[in-house]
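Asker: The following block contains the structure, expressed as structure tokens.
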């Protein structure tokens, strides 16, 4: 392999047209539409100058811990890695996970990323809803607040405001690290507790309504598998770098709904009926959000009304949004709360790392964006009208109590959320329950719901939302245009002109006429439609279009300490007194690599062009940037396809498909690693 400081990575070497054999240019989906790819989306795979980044990492959005020096080896070292569980990364925050591409630039309401309209938001969005399109806005430090008038005494909550670490990737702007709550992968998202299942409540309805109760240790074991056992803490495996991210997401969901098993949930409740997990212990979700965390979030970040926070009320059957203009600072927010208004935080995962970690884990299992909204409601208040949503909702009660009434759907599995409904439209509730701290409530899309706090308690809850626009209908919307387009090329009858008298026989004005000629035309069109049968390849390409949507919407991955020392995000660069830069890593033919996450990339073919989409570079806002992708030659695609099928196992570079020569293959794999797409099995030793 050539000199490390002189070698240029394969992806970085070709920055012009994608027509040459080795061209692997990174582009944007809408470059033709915009005339040229946006500058901030043309981030090269190796560095902005086409080669490796030389020089020490900057502090403006780059990883800057000078003590992180545990890196670099050829990867061929056969050292036993069983000590990883106790192997600190020479950092005082060894349990901290790092979030990629925070892009901490202050948001402006006038920019497209901050406009009120969103693919998934409506003015009549209501409390159980977490429109997945809610903007995920980046954060900017604004210093300490000298005063924060509060209407209620804040409960104590864990607070460890550390500087956020962002990784050495090209940033949109020079930014300053932001103080946020830092999550430890060794801290449980759920409190340990023993659990059992109660029999379902008797309902005058043949729909299965679940009631699952967790009890103190020593309680009776229920019929549900796993009852009487302690809920597993959401702790990482000792071999975090060897785990399958889909299985991690599945395990996380299983712990949320325990003691109900995943099999029971998917068979009896998923997209079918609601259920509640009732706990007898409090504090199950208290490390995800609290009054104190909200207060610190408002102080430390530029959070705006309408973009990031809504102030709402519901009185006398009328729902109102009472948002002021501008930034939402603590005195203003708490004053609204004291007057009886509900506070909805639209993108808390942009600011709260532990909540973001939960969403990131679940999105791998659901293969779609998992959003989060936070709702804070004062005593004896209701912030939203009855309504139904177009998402699968998981309500996590954090503080206080809230009464929920759930009504049977008027339309099963709707594709869009409802407007505000009146009380006269509801009928009798199927469920009428009070959620307490640690309780969880699930209800499918289409189930009407409303919630109100009781006289003696406020409420703080999180709504996780998933599976928005993930139906067969969405797949068919992508598929049928492909079928029509390709069928036209193969079927002469589809290319023939319409009859000259078709306007006089078809259309709404002619619907009552049942003449023979009209019926003949209708029959002919129906026969043509029956020829439009999708091929296997068309179905694959349509599904890839849905997968591109996920790549665009997904939250960037959070990086555990064990992963940090195996990825580019923990790499260090040093320079001597003469300014000569050296890196602390080097890949070799014997280095074993794998994808960072199961769904981190998606290979697609569009108009004969092979592309690889990835979400490592996504921002924390919803669709802040154009989709990230680079274009490939077939032999590049074969390498990525091999890595996809090998996941979660590691593959040595020398065992990947050949690519011209070994040097080309090594440079290509190294370019993927430098983009944050790959992880090595063994931590690098110092060179």
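Note that Cβ sites are derived from N, Cα and C of the backbone, with glycine treated the same way.
This is the feature table in Swiss-Prot:
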type	residues	note
BINDING	387, 389, 449	Fe cation binding site
COMPBIAS	23-32	compositional bias 'Basic and acidic residues'
COMPBIAS	33-50	compositional bias 'Low complexity'
COMPBIAS	58-74	compositional bias 'Low complexity'
COMPBIAS	75-96	compositional bias 'Acidic residues'
COMPBIAS	100-116	compositional bias 'Polar residues'
COMPBIAS	136-156	compositional bias 'Polar residues'
DOMAIN	347-483	domain 'JmjC'
REGION	1-174	region 'Disordered'
Asker: How would DSSP class residue 449 (Fe cation binding site) in three states?
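Answerer: SS state of residue 449 (Fe cation binding site) = strand.
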Asker: Indicate the candidate from 387, 449 with the smallest number of other Cβ atoms within 10 Å of its Cβ, considering only these binding-site residues.
Answerer: 387
Asker: For the domain 'JmjC' (347-483), would you mind checking the mean pLDDT of the predicted model?
Answerer: 95
Asker: When you measure from the Cβ of residue 389 (Fe cation binding site), how many other Cβ atoms are you left with inside 10 Å?
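Answerer: Total other Cβ atoms inside 10 Å, all chains included: 27.
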Asker: What does DSSP call residue 387 (Fe cation binding site) in the simple three-state scheme?
Answerer: strand
Asker: Within the domain 'JmjC' (347-483), how many residues are helix, strand or coil going by DSSP?
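Answerer: Residue counts in helix, strand and coil order: 32 helix, 45 strand, 60 coil.
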